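The structure under discussion appears below in the form of structure tokens.
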Amino acid sequence: KTPPEIFSLCLLLLLNRRINLTMVSQGPNTHDNGGSVKDKTSESANSTAVQISKAPPTLFQWALASSPLLPPLALLLRQCISEFAAFLSSHGGKGSFEPLGIISRQLLSYVFIAAVAGFATSTLVPNISPYLARAGIAGRDIGKGEAGRRAEKIPEALGIVPGAIFLISSILCLFGYILTGNTDKLLDTNSALLSICFMLFLGFTDDVLDWPWRYKLLLPSVATLPLLCCYKGSTSIVVPIQLRKYLMTGGSLTSFGELVTKIVTVDTNADGAILNLGIFYLVYMGLLAVFCTNAINIYAGINGLEVGQSYIVACAILVHNLLELFSSDATAAAPHLFSAMIMFSFVGVTLGLLRHNWYPARVFVGDTYCYFAGMAFAVVGIHGHFSKTLLLFFMPQVANFLWSVPQLFKMVPCPRHRLPRFDEDIKMMRASTFSCKEDEFLWLKRGKRSTEVSNMTVINVVLDIFGPMTEQSLCIFLLVLQAGCCAFGLYLRYNLAEVFFGV
């Protein structure tokens, strides 16, 4: 057959397969993202229809949602006012000179594109969600107890909407590089979009087909290859001042330093202050991308948490980018300008999605959004050359991953769902548990002999320590914790870096 005939045949087979998936009963299938249970059974259009209308956000909700975005916007506004005031004082408002610098003008254009992207996302999510519900990509909110199980199904995988709009926004931002003649970052931008697009595709297919975990770990590694192939930054790290004496003393390598040189390169001209990790640094960045894409996915389970934490982390990254942009020369500022371009569009689409995913959620974001968000963070950390700083903003996610390791690697029983359970008696969330014998896992029972042990997530730890909470209160608590950790990470980056690294 000719290539067009082969393509048409493949398309017909794919459509036939999709129709079978939506019309043939497959039985219930549990899903671990967003606190939902996905049921891909055939239902009539009336039973899968969803009501997506929602009361307008209150003033408190608007204030809560806008507070993380105020610091980066305040930094940008202060810079614009400073540049405009300098222009007026130097030229009296006359002449052909531009009142704002080229970086500030580019950032303002990114803000405008982000605002349009956020409005488009907020508008399209309610319009797209019925199509997903009719296709069977919907689930029930098991975080609401029996009421949630009896309620209408909620459309899932709505992360595809902000992901698609983000890609369009980023493509529009490419014109900024062309108009300014700065085409050096086009390769980085194209590789970034390729990796994000791959993860968006993987996340959506995971929501539809429910991939096993081995694929979820393998495929993100493949998605990072475009990033690593196009990476042109340094592969060196700065050694903390307190550790340099173990590498070099009196201008010569120590015994330990000579051992280290068999694996990596020690810069003797810098007295052991710099280590060139070479290929190991690229491996680290690949692992960082895998971690980011999965860290958000396992730190989830209640309405608004996945989108909320991503929004706060993105705002913290923007603060870091703007601080570096307004205090660096043009050459050093280029990676942070690239990061700001990506993050402004990401913040815009995320805010548009958060409006519909906030408690009580009218849509679930699914693995689609989690993978998309994680890869977006990995992209800016790698191409923005601040991959180590990025981890400072992921403190809750790192803690959640480390605490979850025994369950993730089956050293401790790991149930299908580890999200908090809804207590029907008090209408609040409690820590979910798994069953065991009285003499098992005593180190998790804090001296109590019980047959139930809380699942090993930060969400359950918070409920164990502070007691039952409503789902909305729990989400707000965790987001405030995320914001506090990001603020602490910025403090470490800009106040304690000199203590450890002398910069």
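The backbone N, Cα and C atoms fix where each Cβ goes, glycine too.
According to TrEMBL, the feature signal peptide maps to 1-21.
Summarising the annotation, TrEMBL assigns region 'Disordered' to 26-48.
For 107-125 (among others), the entry in TrEMBL reads transmembrane segment.
Residues 106, 109-110, 113-114, 116-117, 120-121, 124-125, 128-129, 132, 137, 185-186, 189, 192-193, 196-197, 200, 203-204, 207-208, 341-342, 345-346, 348-350, 352-353, 356-357, 363-372, 376 of the same chain lie 6+ residues outside the transmembrane segment (157-179) yet bring a C-beta within less than 8 angstroms of a C-beta in it. The transmembrane segment annotation in TrEMBL covers 157-179 (among others).
Residues annotated as transmembrane segment in TrEMBL: 217-234 (among others).
The transmembrane segment annotation in TrEMBL covers 278-299 (among others). Tertiary neighbourhood of the transmembrane segment (278-299): same-chain residues 33, 195, 199, 216-217, 220-221, 223-224, 227-228, 231, 235-237, 263-265, 305-306, 309-310, 367, 370-371, 373-375, 377-378, 381-382, 387, 390-391, 394, 396-398, 400-401, 404, 408, 457-459, selected by CB-CB distance under 8 Å and a gap of 6+ residues from either end.
Taken from TrEMBL, the feature transmembrane segment covers 333-354 (among others). For the transmembrane segment (333-354), same-chain residues at least 6 beyond its ends with a Cβ under 8 Å from one of its own Cβ atoms are 65, 69, 103, 106-107, 110-111, 113-123, 125, 158-159, 161-163, 165-166, 169-170, 173, 176, 182, 184-185, 188-189, 192, 233, 304, 307-308, 310-311, 314-315, 317-318, 320-322, 324-325, 363, 365, 369, 373, 376, 379-380, 383-386.
Under the heading transmembrane segment, TrEMBL lists 366-384 (among others).
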